[in-house]
Each structure stands twice: as structure tokens, then as C-alpha cells.
Amino acid sequence: MKVAVLGAAGGIGQALALLLKNQLPSGSELSLYDIAPVTPGVAVDLSHIPTAVKIKGFSGEDATPALEGADVVLISAGVARRPGMDRSDLFNVNAGIVKNLVQQIAKTCPKACVGIITNPVNTTVAIAAEVLKKAGVYDKNKLFGVTTLDIIRSNTFVAELKGKLPTEVEVPVIGGHSGVTILPLLSQIPGVSFTEQEAAELTKRIQNAGTEVVEAKAGGGSATLSMGQAAARFGLSLVRALQGEKGVVECAYVEGDGQYARFFSQPLLLGKNGVEERKSIGTLSAFEQHSLDAMLDTLKKDIQLGEDFINK
């Protein structure tokens, strides 16, 4: 099993690479790519950790050597948020980066499962899909927007509020991956209930958690460590499913049947070919249903922006 991390010299990429070096199954290969010349050195640094995961780093304009034979590609390349920016302000820079990297994936490892971490995810996933489609290699069961950070944040905040162990809580999060498009299904957590005010306040905190980190870092960056953890969780789940483990379920932002929007985050059963089944989002509370209806225009506009970036 070979996993490639693109953007591996950045804050998320280095944290992700460290976690994967420690947690990938024995015998796996990990390849790190970034435009920054430090990248082969990051790989050497990590290679001193005594786990049975082979690691190699590549830098420069060409990601091809890192991508050859990859089963899973995780893309965290791009610029980070600064105070006063929202995820869509990143669009102008990050759209071009994702387009370029996905073009290289289409040529070098078209059958790989691809997880997009680069924000704004609502839009960058649409860009990736259109690039793969143009190259004639798009498989909607193998392209994912990684929204796992919304899930782990929800688990943490719910556990804090309700005095539970964070490991005991698993909150499904649907929709998209920015602002109002993030919708935690708080009504679906077994054995936990919320007043309407609690649900509204908690939902808002989960939606704004990225901004909370950006402001707390006082201009020094955005959520890199928790995002690295989230991306590792998703990547490792994908690897386990690709290796034949049954019953692996994660929420991610994928192209589905278009019931809500062309791309939509929902619980997915993962398997040997990526998405095995898009699971139902179940019954929503009145608050959740209202939030879902209210966000769809925003989500659809984000998606359109990505489609237009490639097709116009």
C-alpha cells in the first residue's frame, strides 16, 4: 500500500506524515512531495522513526516521482488562512495549486483514491472532479473532500459539554466544509440530548472552530495539528478499507446522487474501490432540516465556482 502526501512540508503535511509514519500498516510506503526544497529532508527526519513504513521525499515542480504507484493521495498543499480571511479567500491561490496537482495525478496514478484537504474544500473538490473528468479518468467513488476535522471537533465539543469521554462520541457531520455548510447531526448521537439553544450554540461553535484557531494563533497560522490528525484518521480508514477490512464508515464530501447538491458530505461505507455505499443521512431534527435547507444555495455556489474555474 502506497500513500502519497502532497504539500508535505507544510504544517498539516508534516503532522500528517508523522502520524502516517507511525500508524500505517507494516510494509506500507509513504511518499512526501512539496514544492519546498526541505521536503526530502522531512522524509529523512521521519525515516529515523523505527516503524516498518518506507519513506521518501521529493521536491520541485514535478510531483510525478512521488505519485508513481500510489494507492492513496492526500493533498494538503496550498496557502493557509490568516485572521480576517475566510476559507473562500483562499480560492484564488489554492484553486490553481489543486488543478496542477490533480492533472499530475490523472497522468501518473489515475486509479488512486484522492483525498482533498486543501481549502476551500467545497470548491477544490469540484475542481479536482472536473480535471479528472477532462482527463477521462474520473471515478466518483475515489475522490473525497476530507471533512474529518468537523467530526473530531464535534466529538470533542459534545463530550466537553455533556461530560462524556471524547472517544465514546461519534457525531455524523453532513453538508460541506465551511461556515454554514457544516451541519453536525447532534440529534443522532445515542444517549445524548440537547435543548434547542444548546444545539444552535454548539452547531455555531463547530462551524466557527477554524476561525477560533486562526484567531488564537494570532496570525501565526491555522489549524494544522488537529487537521493533520483528522486527515490521518481518514487516510488510515481508507487504507484499511482498500485492504479489505469490512464495515469501515467515515463521513466525507463526495459526489452522490445530487439529492442535495452535486457534492455533499455524508456517512460512507468504504471498500476496496473507495466508496462502497453512500449511507442515508437519516431523520433530521427540525433545526437540522432548517439548517440544511438554508445552506444548500451557499454550497451549490461554492461547487459552481470550482466547475467554472476549469470549464470557463
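A Cβ is built for glycine as well, from the same backbone N, Cα and C atoms used for every other residue.
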| request: Name the residue, out of ASP34, ASP71, that Swiss-Prot lists for the same NAD(+) site as GLY7, ALA8, ALA9, GLY10, GLY11, ILE12, GLY13, ASN94, ILE117, THR118, ASN119, MET227, please. | output: ASP34
| said: For ARG153 (substrate binding site), which of the three DSSP-derived states applies: helix, strand, or coil? | reply: helix
| query | Out of ARG81, HIS177, which of the recorded positions has the smallest number of neighbouring Cβ atoms within 10 Å? | reply | ARG81
| Closest of the recorded positions to GLY7 (NAD(+) binding site), Cα to Cα, picking from ARG81, ASN119, ARG153, HIS177? | ASN119
| Integer Cα-Cα distance in angstrom, ASN119 (substrate binding site) to ASN94 (NAD(+) binding site) | 7
| message | Please report the Cα separation of HIS177 (active site, proton acceptor) and GLY11 (NAD(+) binding site) in Å, rounded to an integer. | response | 19
| request: Only counting partners 6 or more residues apart, tell me which same-chain residues put their Cβ under 8 Å from the Cβ of ASN94 (NAD(+) binding site). | output: GLY78, VAL79, THR118, ASN119, PRO120, THR124
